[in-house]
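Enquirer: According to Swiss-Prot, the protein carries these features:
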COMPBIAS  444-454  compositional bias 'Basic and acidic residues'
DISULFID  Cys53-Cys56  disulfide bond
DOMAIN    25-128  domain 'Thioredoxin'
REGION    412-454  region 'Disordered'
MOTIF     451-454  motif 'Di-lysine motif'
SIGNAL    1-24  signal peptide
TOPO_DOM  25-375  topological domain 'Lumenal'
TOPO_DOM  397-454  topological domain 'Cytoplasmic'
Amino acid sequence: MAAWKSWAALRLCATVVLLDMVVCKGFVEDLDESFKENRNDDIWLVDFYAPWCGHCKKLEPIWNEVGLEMKSIGSPVKVGKMDATSYSSIASEFGVRGYPTIKLLKGDLAYNHRGPRTKDDIIEFAHRVSGALIRPLPSQQMFEHMQKRHRVFFVYIGGESPLKEKYIDAASELIVYTYFFSASEEVVPEYVTLKEMPAVLVFKDETYFVYDEYEDGDLSSWINRERFQNYLAMDGFLLYELGDTGKLVALAVIDEKNTSVEHTRLKSIIQEVARDYRDLFHRDFQFGHMDGNDYINTLLMDELTVPTVVVLNTSNQQYFLLDRQIKNVEDMVQFINNILDGTVEAQGGDSILQRLKRIVFDAKSTIVSIFKSSPLMGCFLFGLPLGVISIMCYGIYTADTDGGYIEERYEVSKSENENQEQIEESKEQQEPSSGGSVVPTVQEPKDVLEKKKD
């Protein structure tokens, strides 16, 4: 009886899971060649995938959840997916170069999703890009609501101006990353002080910063640098994104599961420097911490001890390490100042030698990872080709040896035949020319074997 109940419960769970999958898939449309003509009437969030792609298969259940969520909240954005290998011409038209590629298509515009492939991040991307490029903030209440909702956002304050045109151009390029708003001076909170109008501000880290054209340069570049919070929990994707900012990244490499004083102290030091020395370093540095050293070891092609502090230049793959332990904030500030004035020598880089080293390191890492994960598979992948190559080399070597031996035997045989012919010709010349005369025979010279017999 108990076994029957367990079996019934298992069947019920399986049925629920299957129904959930069917329901989720029902809100994601499979797109074909007709999509090209019919898409302009709606806003589409599309996953361009390949059936053989492993990352695409991992994304599939997340994508089904995105479709269900967008439908349940009444979003005007339709969710679909397209096999880019079957409809390669359409995929090429939208600039698909890898799999999976997530794009939001709005009219003639196509926006790439470049963030993490989680349900929340994809939905946030769809909401941000599908709406207005510049969203108005008509009241202080709305302004305060946006501050609570978004960790980082930009605001243009003022009327029509050349600065606003630059702001719109920057927003059209960077809307895939962050939010852009506009407001009047009356709507801005009282704690905000503006020296001149119009102005562009970024609100983040519980404060604000004003764009200065003379100090900050190009507006788009400034927005691209300031779209990150000053302190971040880093991963490989964020480090890649920070490469476009031109900033150095000061990282505390720690083990978050380790609660020892040494690990928590380094993290606190980086946080304190990011907070208290922002005015000095925020133009040149991004601060954060990373859990574990696996990614950093791959990036640096070296084994870093944990915990430690490393400063990365993600634009050219250089890095800076201190030859002594950082014990307090003053040590970290001194380390940063030494980097800025060139006292600390950079390591790594993207020179030809480093690129060759990278190729060797990547090949070694791949081989080691294969043997660690599956020794039998590693033996098969690398042992079989080596065995085939060894057999081929042996065959070529033995073929050359046999050929030389046969050629040598042929020359010896040819020489023996010529000698035999000469002996026979000599005998014919020594035979008597007439039948009755007796001619004394001349003894032929003996060869070596005959002499030995005598």
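Note that Cβ sites are derived from N, Cα and C of the backbone, with glycine treated the same way.
How about a rundown of where these features are and what they're close to?
Expert: In the shown protein chains, 15 other C-beta atoms lie within 10 A of the C-beta of Cys53 (disulfide bond). In this structure, Cys53 (disulfide bond) belongs to neither helix nor strand by DSSP; it is coil.
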Enquirer: Kindly report the helix/strand/coil residue split of the domain 'Thioredoxin' (25-128) according to DSSP, in that order.
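Expert: Its residues divide into 43 helix, 26 strand, 35 coil.
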Enquirer: Around Cys56 (disulfide bond), which residues of its chain at least 6 apart sit with Cβ under 8 Å of its Cβ?
Expert: Asp47, Tyr49, Ala50, Tyr99, Pro100
Enquirer: So what's the average pLDDT for the topological domain 'Cytoplasmic' (397-454)?
Expert: 55
